[in-house]
Amino acid sequence: MSFDLRTRLDARRTAHLYRQRPLLQSPQGPHVIVDGQPLLAFCNNDYMGLANHPEVIAAWQAGAERWGVGGGASHLVIGHSTPHHELEEALAELTGRPRALLFSNGYMANLGAVTALVGQGDTVLEDRLNHASLLDAGLLSGARFSRYLHNDAGSLNARLEKAVGDTLVVTDGVFSMDGDIADLPALAQAAKAKGAWLMVDDAHGFGPLGANGAGIVEHFGLSMEDVPVLVGTLGKSFGTSGAFVAGSEELIETLIQFARPYIYTTSQPPALACATLKSLQLLRSEHWRREHLASLIGQFRRGAEQLGLQLMDSFTPIQPIMIGDAGRALRLSQLLRERGLLVTAIRPPTVPAGSARLRVTLSAAHSEADVQLLLEALEQCYPLLDASESTEPVHA
């Protein structure tokens, strides 16, 4: 018996679900070169426009001169350097919590936190639309795992009634494919009433949300008692790479002792932490970035609604255009690309069957003119969906 990989791949192609990697040949930003083609991109997560900021680049260069280019060891051996520690302290200050702990990426942070906190005999309850890393973490934890209806505190309450052992309620802060935000006050109230802990992965909330960019917890004015476990990523609004968990002294010490994805990996380059310290400073001080981004979101939504496009209930930089059929979503993405715009088609299994969409993401680095170009292209391209066959584009 052998692995029949070709049949699996062919099935993906037939269902318009086959994925290919675009080759980015320029720095990240609104104006990019992909596979040799200049494009105006609306598909990255650089919400604050810091991924190519000259001060962040200079901080990385200076960090490399001072600290070298590699972490060299795991944090618990000799890989925890001064820049790592300073960044953890700055992230703790941003979130208003005693401690923060750096991870190499968001997947590892989520996996590490969930599996360190619950196991056999415990319960994990997750929103059914959570990010794949959270769902994987729940399954791999060994705890009893159940998903409640999307953003539905009543559905969560019904599952809390059946929970056993230590119970961890897990949700995205901003849902990455829909752009809506979790009803944290209701979820926190439900969790606390049953003695459960609430864990929030706010990967897409840090930066755009909150008066100081501290995310959805700041947006709702909640405390560490409401949300004991707060996760953030550094590869989106911070413009660099990595992730963190913020919480109490006891939580962070527990993760240091028991979070295997933290313990058994080499630390990120110290120079990267230097760059993130600079981007964090810019995120907190340059409030115009959040204000400009909010203005662009409003501009896009008004224009898209005038065109009759079906949007999701989102005031975040994630603005999906619902299409439904995967082939039609691919076709619209290709039509836009032919006009010099890059907007990714999102298809199953990333989203449920029948809910394929174009996922527009906006950045503080975009201009009003950029958004207007997108709206004009959508006005031209959307009617063409019914006038042509759905074909598989080169990339989507």
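From the backbone N, Cα and C atoms, a Cβ is placed for every residue, glycine too.
Here's what Swiss-Prot has on this protein:
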BINDING   Arg19, His131, Thr350  substrate binding site
BINDING   Gly106, Tyr107, Ser176, His204, Thr233  pyridoxal 5'-phosphate binding site
MOD_RES   Lys236  N6-(pyridoxal phosphate)lysine
Cβ packing number for Thr350 (substrate binding site), 10 Å threshold: 15
Of the binding-site residues listed as Arg19, His131, Thr350, the one whose CA lies nearest the CA of Tyr107 (pyridoxal 5'-phosphate binding site): His131
Residues satisfying Cβ distance under 8 Å from His131 (substrate binding site), sequence separation of at least 6: Asn110, Asp172, Ser176, Asp201, Ala203
By Cα-Cα distance, the member of recorded positions Arg19, Lys236, Thr350 nearest Gly106 (pyridoxal 5'-phosphate binding site): Lys236
Other residues, Cβ within 8 Å of Gly106, Tyr107, Ser176, His204, Thr233 Cβ centroid (pyridoxal 5'-phosphate site): Asn110, His131, Ser133, Asp201, Ala203, Gly235, Lys236, Ala243
Distance, His204 (pyridoxal 5'-phosphate binding site) to Arg19 (substrate binding site) (CA atoms, angstrom): 23
DSSP three-state assignment for Thr233 (pyridoxal 5'-phosphate binding site): strand
Top Cα neighbour of Thr350 (substrate binding site) in the set of recorded positions His204, Thr233, Lys236: His204
